[in-house]
């Protein structure tokens, strides 16, 4: 069975058992009345069952309802169908004040019907020939308004300075100021120039997201013809059907696939209603993507440490034990489905590097947009500063130093012999984003 954990807030006067049973019925075989065609099938075989209810600690009228769905209710290899069944109608139920899907357990038999990520973590490292450290990226800013030629120039400067990747922002598609084909050409030129100068393999996430699946695949085909290593997709705004189609194309044609989670906070930000991001992350691993944005813990975007690390492990590891302290409601066995690299992005700069290296470890992408392009000397020195800071943190960690405690000191030491890093340290020494996380356990 697929198991689901729902956070249920019933209307006053509705007992939790009734609310849990209503959720199970509405998201499987039930309707509001008895119908004569019920007799033509075995409802016992197909209905969802609410098998356990527990109160939420510290909340007066909230309960966790556990529901089991028989596997026969779902089409194989279709995240779209899985979500249509489990969260399709039930969230508008009048008997509930609010409903949130906290976690899913996907059984191995169902996991096996998905291709998953086009390549996965190890194949990506082999393609890029980069080992033993997190990968470094940068989102090109301003996100909208640059011409293709100036955009390509910014890409080249960042890659030449020492970054592994640069990135289209999620809303860069094909607008009047910069058509997609022009952008692809100038970015490919920047890639090859930077590769020739540095001797390292470089990538730029070319955003293939489009208004139709056919147009999206057309853009991915053009990227492949240019010989670039990676394309990008906005998986929630583009939809799971489009995402899975692109993931299959990427595996067949040797392209890596970077996934942006634009629109996720509309779905996952409210604590008592919606879908938790750990569910969206699991769905993405099934649908397919080699990278996905996962929050930073330390930057400008929402994300509490233990909860973030919970779904980061769900993205990367093959087997994850149930651990309620990290918000993981079920043990999940991915039966060797390739892993996804978490991408830390949003309001981070060189002073965050020790914390990011310690929190996310080697299998991650650390993405500094403003933290590269905001360097007072320009893009390339900004990239140099980030690369020096990262190499210093990785070396210190490998020597057994405690990054959490000695992080600032490690960065200061490195800045003595890197003027680029020293300038970056000076610019961002006072910048903090300190707000309480909304998403707590």
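Indices start at 1 and increase along the chain as displayed.
Including glycine, each Cβ sits where the backbone N, Cα and C put it.
Under a cutoff of 8 A between CB atoms, and with a sequence separation of 6+ in the same chain, the neighbours of residue 141 (active site, proton acceptor) are 169, 369, 370, 373. Sequence annotations record features per position, and here Swiss-Prot assigns active site, proton acceptor to 141 (among others) based on sequence analysis.
Residues or ranges marked as active site, proton acceptor by Swiss-Prot: 260 (among others). Under the three-state DSSP scheme, residue 260 (active site, proton acceptor) falls in the strand class.
Sequence annotations record features per position, and here Swiss-Prot assigns substrate binding site to 89, 139, 143, 261, 293, 345 based on sequence analysis.
Under the heading Mg(2+) binding site, Swiss-Prot lists 167, 169, 170. Sequence-distant contacts (6 or more apart, same chain, Cβ under 8 Å) of residue 170 (Mg(2+) binding site) comprise 207, 209, 234, 237, 260, 262. Residue 170 (Mg(2+) binding site) falls outside any helix or strand according to DSSP and counts as coil.
Using a 10 Å Cβ-Cβ cutoff, residue 167 (Mg(2+) binding site) registers 29 neighbours. Per Swiss-Prot, N6-carboxylysine is recorded for 167, and the stated evidence type is sequence analysis.
Annotation source Swiss-Prot lists site 'Transition state stabilizer' at 300, citing sequence analysis.
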I'm trying to understand the geometry here, so how far is the Cα atom of residue 345 (substrate binding site) from the Cα atom of residue 167 (Mg(2+) binding site), in Å to the nearest whole number?
11
Using other CB atoms within 10 angstroms as the count, which residue among the recorded positions 143, 260, 261 scores least?
143
Proximal but sequence-remote residues of the same chain as residue 139 (substrate binding site) (Cβ under 8 Å, at least 6 apart):
166, 167, 168, 169, 345, 367, 369
Around the Cβ of residue 89 (substrate binding site), the count of other Cβ atoms that are within 10 Å:
10
